[in-house]
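K.L.:
Right, I'll just put the structure down here and ask away after.
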Amino acid sequence: MKKALLLSALLALSSVGVSAKEWKEIRMASEGAYPPFNEVSADGALKGFDIDIGNALCAEMKAKCTWVKQEWDGMIPALMARKFDAIVASMSITAERKAKVDFTHKYYASPVVLIAKDGSPLRPELASLQGKKIAVQRGTVSDNFATKYWDGKGVEVVRYGKQDEAYLDLKSGRVDASFVDYWEAYAGFLTKPEGSGYAVAGDQYFGKNAEERAVIGEGIGIAIRKKDKELKEQLNKALDAVRANGSYDEIRKKYFPMDIYGQ
Amino acid sequence: MEWFDLTVVTGSLPEFWRGLWMTLHLTAIALVVGFGFAVPLSIARLSKNPWVSAPVRAYTYFFRGTPMLVQLLLIYYGVGQSEWMQGMWEAGNPFWLLFRDAYFCALLAFTLNTCAYQLEMFAGAIRNTPHGEVEAATAMGMTRSTALRRIILPSALRRALPPLSNEVILMLQGSAIASAVTLVDLTGAARNVYSRHYAPFEAFIFAGLLYLAVTFVLVGLFRVAENRWLAHLQPRRSASAQKD
C-alpha cells in the first residue's frame, strides 16, 4: 500500500510537476456548445452551470482554475494527452468511459429523452421507432444507446457533430426525432423559441435494467485521469461541501426552477 | 503496440468499407458529372460575348473563392432552414425533396465545386492551344466549331490531364467534409469509430491508409492515361535518340 502510494506520488511529481498531496492549479475543460450547462459568451469565454460549478469547487478547494474550450469528440483523448486536468462538461458517467477515465460523484442526474413534434406518438422504444430516422450527437450517451439498441434494427440513427445541427434537421423535417440528454433538450431547445411546437415524446428514460443504465450513465460527473487520485478526492470533498453549504443550490437556481440532482 | 489497438480496426471493418464505398462513389459521380458540365462551360467561359462569359466567370469566381465546406453547409443547412423549402418538402414536391437528402446536397456541392475548377483548367488549356494548330485547321477549311471539336478540344483536354489528376486527388481528399452533413463516408466512419472507442490513432490512421491507397491507384491510372494521350508531348526516349 505504502509502496503504491509512493509510486503514484512519484508519478504525479515527475509527470505533472504538481504536489501529489494537493492540487493548487487545475485546468478544467468544457465544450461551450451545451447551453445552459456550458456555452461561449459574447467575449469568447466559457460560461454556464458547469463552469459555475467548477469555479465553486475551485473556490472551495482554494485552487486556481483555468478553463480550456475543447470540442466534444476529442474531449477524453485531450484529457489523456494532458491538455487539461478535469472535464467539467456535463459528461455522463458510463461504464465505457470509466474504462478510460475516472469520475467524481455525480453533480446532477441526467435521463435521456426523445424529442419530436408536440403530440407525436413516438416513444423511446425499438417497436415505436421502426422506419424512423433518429438524430443523435456523435459520441454522446444517447448515441451509444441508440447505436447499441436501435441502429440497424429498423431504425436509422443519424449522427451529428453538434446537437444544434440535430435540432436544425429535426425542425426541417430531415429526421423524425432526436434522442438526447433531457437537460440539454430542456434548456437548449424546449424552453427556447426555436423549440416551440416540440416536446418530449414518451417519458424521461433512465434505462430499464442494469445493462441499459450502464450505457445511459449514472448521472453527470467530472472526469479526471485515472492516476490523479488526489484530484478526485479533492473534487469529491469539495462537491460534498458545496452541496451542504447551499452554494450548489444557489447556482442551480440561476438556471433551473426544479431540482436537478435527483436521488 | 500499446498505442495502436488493432482490434479497434478489425472490429469496425464493415463500417470502414461502407465508408470507403461512400467516399468513392460520391467523389466519382461528382467528378464525372462535373466534367460533363465543365467542357461546354469552358467554351462559354472563353466566349467573346460577355452575356455568355460573365455568368460563367461569376460562377467560378464564387465556387473557387469560397471553401467547399462553406458551400456544403449553405446547401444543406442553409436551404433546409427556409420555410418555403420546408413547405415544399411537406407538400412532397419531388424536385425540392432532393435537397432534404444529405447525399444529394453533398453531391451537388462537390459537383458545383469541381466543375468550377475543371472548367477553368480546360479554359486555360484551350487558351494555350498553339496558334499553329488553329491556323492549320483554318487552312484546311474547317469552320470554327469543327476546329473546336476536332482539333482544339482534343488537344486541350490532353494537355489538361496533369492538372486534372491533381483536381481528382484533391476532390477525393476534399470529400472528407461529407461527414459534416451526417454522411458516413470514410472520414465519417473513422469519426464514429473514434468516438466509440476514444481511439484517434487507430481510427484515423486506418482511414488515412485507405485514402493513401486510393490516391496511389489514381496516380497510377493517370500515369497510364498520360503515357497514352500525352505521349506526343513527352521528351523523346532513348530508342529514337539512338537513331540520330
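Along the chain as shown, the residues are counted starting at 1.
In case you wondered, yes, glycine gets a Cβ from its N, Cα and C as well.
According to TrEMBL:
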{"type": "DOMAIN", "residues": "B:20-222", "note": "domain 'ABC transmembrane type-1'"}
{"type": "TRANSMEM", "residues": "B:20-46", "note": "transmembrane segment"}
{"type": "TRANSMEM", "residues": "B:58-77", "note": "transmembrane segment"}
{"type": "TRANSMEM", "residues": "B:97-117", "note": "transmembrane segment"}
{"type": "TRANSMEM", "residues": "B:168-191", "note": "transmembrane segment"}
{"type": "TRANSMEM", "residues": "B:203-225", "note": "transmembrane segment"}
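For each feature listed, report its degree of burial, its nearest neighbours and the pertinent distances within the displayed model.
P.N.:
Remote same-chain residues near the transmembrane segment (B:97-117) are listed as 26-27, 29-31, 33-35, 37-38, 41, 59-60, 62-64, 68, 71-72, 75-76, 79-80, 85, 88-89, 167, 171, 174-175, 178, 181-183 (criterion: CB distance under 8 Å, separation of at least six residues from the stretch ends).
Within the chain, the transmembrane segment (B:203-225) has long-range Cβ neighbours (under 8 A, six or more residues past its boundaries) at 4, 8-9, 12, 16, 19-20, 23-24, 161-162, 164-165, 168-169, 172-173, 186-187, 189-191, 193-194, 197.
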K.L.:
Report, as numbers and ranges, every residue of the chain located at least six residues beyond the transmembrane segment (B:168-191) whose Cβ falls under 8 Å of a Cβ in that stretch; write 'none' if there are none.
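P.N.:
Answer is 12, 15-16, 18-20, 22-23, 26-27, 30-31, 68-69, 72-73, 76-77, 102-103, 105-106, 110, 113-114, 203-204, 206-207, 210-211, 214-215, 218-219, 222.
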